[in-house]
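Colleague: Got a structure for you, questions after.
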């Protein structure tokens, strides 16, 4: 294998550099800057949502772009902080002192290691166990939790946002008398403006402006404003807060506060930290205690990250993408990010859509986004302190309300009402207990349905008669496999058919059955002996050769087989005459 091929295998992103043109660079630059203007306010907001200082959102926004450019395979995907992972991270960042960043960064490292392990073992297909209804229930519940967690910031209430839906709502409703008029007015106005700007991109100018160049200019301006609406709203509200708070002693808005400028220190994540207990006493936690606190999040968070990233890659890049390569790119983004003080990251659907709409040509567009984030950390950080928290809450709320997928309920109700149950369980339990437990219960319900279908295959039972008047019972399993949980069910179904229709030869139609396991084969052997004693011989019709081999090797019985329905009458006559 040549050196170039080895390089492409280790760093797939090198393929994009081969033949990289000036037009590619310009397109990637425009897309990268556009995505950067989107990720800056989102990064600050998601860090706040995760219970961290705002700069950690920017730390999380630049490493993934560089790593994915070298290892990723879909040019539209952008890696960075997301509302969902920020919410799940927030469950471990409320212990005070410096424990919040320590837990978030350690969780980022562990997520990357788990994702890398999934890539090595080629376990990307595990995400297929999470059905669409469960995914919809999970994302809808998290959207509700994220939205309610931002109500305090929107209303100007003091205190952390938290990730517990019930306690958050109880806290908000109990403190409505403390709502700050300035923050509430600013936040509500920001949400309205953001939603209006989001709809602005749907405005069609065909026929309204005759001059083609003017039409292109106006359309381009509308698209830029609609795409960069988050940055625009944050900029305007920050200018308003700066001018107001400079002239008034008491600022009418709660501001983000000082944001640490400069690049993060490149260092190992902390494997020990100090927390505050309920009495305010400092408690030292070692690595084992930190892992105990992270608990199920160490597995569930990376699985959710993989689910989101693979879904985005398939949406934009098609089904030909390699899930393993995407897993490697995502895992290395988290592992390398942990050394730069990043919280867990994954692909962002909203920013990937912006990247696609901006005309990105290669994953190198993520490098330009990363450069813009680094410049912001170095030059703009002192000005971030004037961003009102209500504006950041508005950015998050206006983004997550579109994650609630009501439109799926109607087609599910019409097509498959059973699938509504796992989705409903996931949604309700995520709100009541927590997103991790809700997801596990939803997946468990889905798996339980699958196991039930395997254990209780539908049997079509018919009493028929040949042209010569010989009665027989035809059993048709409507399932492609018969495994050990289904043996007693099939035996019971055949016994019940004999009780109802009387003693007669039994024909098991295996045209749609392609698999038997050892236990099922031994069960069929026992059934054949029972039926033989009752003078009701058992025949297999249209059985695959592999099924015959399994039955023969498992039971040492030569089951009478019928290759096609035309041979049925002849074999039944021979059997009856013999009896």
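Heads up, residue numbers simply count up from 1 along the chain you see.
Placed from the backbone N, Cα and C atoms, the Cβ positions cover glycine too.
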Colleague: Could you tell me which of the ranges 314-332, 333-351, 390-408 is annotated in TrEMBL as transmembrane segment?
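Modeller: Transmembrane segment, as annotated by TrEMBL, spans 390-408.
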Colleague: Which of these ranges is annotated transmembrane segment in TrEMBL: 5-26, 93-114?
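Modeller: The listed stretch tagged transmembrane segment in TrEMBL is 93-114.
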Colleague: Identify the transmembrane segment range according to TrEMBL, selecting from 252-275, 420-443.
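Modeller: Result: 420-443 is the stretch TrEMBL calls transmembrane segment.
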Colleague: Out of 93-114, 126-147, 365-384, which stretch touches the transmembrane segment (29-49) the most, going by CB pairs under 8 Å?
Modeller: 365-384
Colleague: Quick one: DSSP breakdown of the domain 'STAS' (474-551) into helix, strand and coil?
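Modeller: In the domain 'STAS' (474-551), the DSSP-based counts are 41 helix, 16 strand, 21 coil.
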Colleague: If I count Cβ-Cβ pairs under 8 A between the transmembrane segment (294-312) and each of 56-73, 126-147, 365-384, 390-408, which range comes out on top?
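Modeller: Top-ranked stretch among 56-73, 126-147, 365-384, 390-408: 126-147.
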Colleague: Under 8 angstroms for C-beta pairs, at least 3 of them, ignoring pairs fewer than 6 apart in sequence. Is the transmembrane segment (390-408) in contact with the transmembrane segment (56-73) by that rule?
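Modeller: By the criterion, they do not touch.
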